[in-house]
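J.: Provided herewith is a single structure, encoded as C-alpha cells, for subsequent inquiry.
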Amino acid sequence: MSSSDIFIGETIGTALLILLGGGVCAAVTLKASKARNAGWLAIAFGWGFAVMTAAYISGPLSGAHLNPAVTVGIAIKDGDWSNTPTYFAGQLLGAMIGAVLVWVAYYGQFQAHLTDREIVGGPGAQDTTAKSVEAQEKGAGPVLGVFSTGPEIRHTVQNLATEIIGTFVLLLAILTQGLNDEGNGLGILGALITGFVVVSIGLSLGGPTGYAINPVRDLGPRIVHALLPLPNKGGSDWSYAWIPVVGPLIGGAIAGGVYNVAFA
C-alpha cells in the first residue's frame, strides 16, 4: 500500500473511531443528551463498536492500525519501521478531526452543560462533590472526559501500569490474529473480534484510568479540548497527558516483542 493510502486510511479510520467513541462519551455525559447517565456499559460497548466500524472501513486502505501502539507493535513484529511516521501523522490528524466532529454534533449539549451553574459552579451553584473539586484542582475541566481519559485515583505508577497492561492485551489479540490474505487489515471477523476485545478491556481494566490504550485517542481530542472555544471548559489536565501516550506505546512494544518470542 502507498504512503498516501496509509495516510488517508488512517485519517479517515481514526476520525471515525473518535467520532463514534467520543460520541458515546458525550452522549452519556452531557446535559440535555437523551443517553445521559447510560453508564459504563454503554461506554465500553460504544468504544468496542467504534473500533469495529473504523477498522472495517479503513482496513482496505491502510490496514486499520488507528493507534500508534498498534503501529509500534506491528513494526516490531515485522521489523519494518518505514511507514511509521505516515501512520502516526494520519492517526493524530484523524483523532483531532473526530473530536471536532463530536463537538459539532453535540454543540447544543456542550453549551447547555457548560453554562449550567450546578455543573460549572458560580453564584447559586449547589455544592460540588469531593471528586469534582479534586478534578478541578488537578486541572480537569467539567467536559474533559468527553475528549480524553483521566484516572479515578492519581497514582503515576498504577496509572501507567494499567495503560501498559490494557494495551498489551489489545496488541496481543491483534497480532495473534494476523493480517488477512490480502494484507489489508483484519477483515470482517478480525474487526469483530478486536471490537469485543476492546469491550472486554473496558469492562475489566477501564476502571482505574478510563482505558486510553491508544495515544492519539487521548492526545488528539485533548488538544482539541484545549483549542475549542468552549465556555467554562476548565483545564485540559496536561500534567496527566503523558501517561495515556507513553503507557500504550510501551504496552504495544512489549506485545510486539512477546509475539516474536512466543508466537513467531
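Keep in mind that glycine also has a Cβ here, set from the backbone N, Cα and C atoms.
Copying in the features that Swiss-Prot gives for the protein in this structure:
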type: TRANSMEM; residues: 6-26; note: transmembrane segment
type: TRANSMEM; residues: 38-58; note: transmembrane segment
type: TRANSMEM; residues: 88-108; note: transmembrane segment
type: TRANSMEM; residues: 159-179; note: transmembrane segment
type: TRANSMEM; residues: 185-205; note: transmembrane segment
type: TRANSMEM; residues: 243-263; note: transmembrane segment
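Map these features onto the structure and tell me what's around them.
T.: Within its own chain, the transmembrane segment (38-58) is flanked in space by residues 9-10, 12-14, 16-21, 23-25, 27-28, 64, 66, 185-186, 188, 190-192, 194-199, 202-203, 206, which lie at least six positions past its ends and keep a Cβ under 8 Å from the stretch.
For the transmembrane segment (185-205), the list of distant contacts is 40-41, 43-45, 47-53, 55-56, 58-60, 62-64, 162, 165-166, 169-170, 173-174, 177, 179, 211, 213: same-chain residues at least six beyond its ends, Cβ to Cβ under 8 Å.
With a threshold of 8 Å between CB atoms, the same-chain residues lying at least 6 positions outside the transmembrane segment (243-263) that come near it are 67-77, 148-149, 151, 156, 159-168, 170-172, 175-176, 209, 212-215, 217-219.
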J.: So which residues does the transmembrane segment (159-179) touch in its own chain, when a touch means Cβ under 8 Å and the partner is 6 or more beyond its ends?
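T.: Residues 63, 69-70, 73-74, 77, 151, 185-186, 190, 193-194, 197-198, 201, 205-206, 208-209, 211-214, 240, 243-244, 246-248, 250-252, 254-256, 258-259, 263 contact the transmembrane segment (159-179) from elsewhere in the chain.
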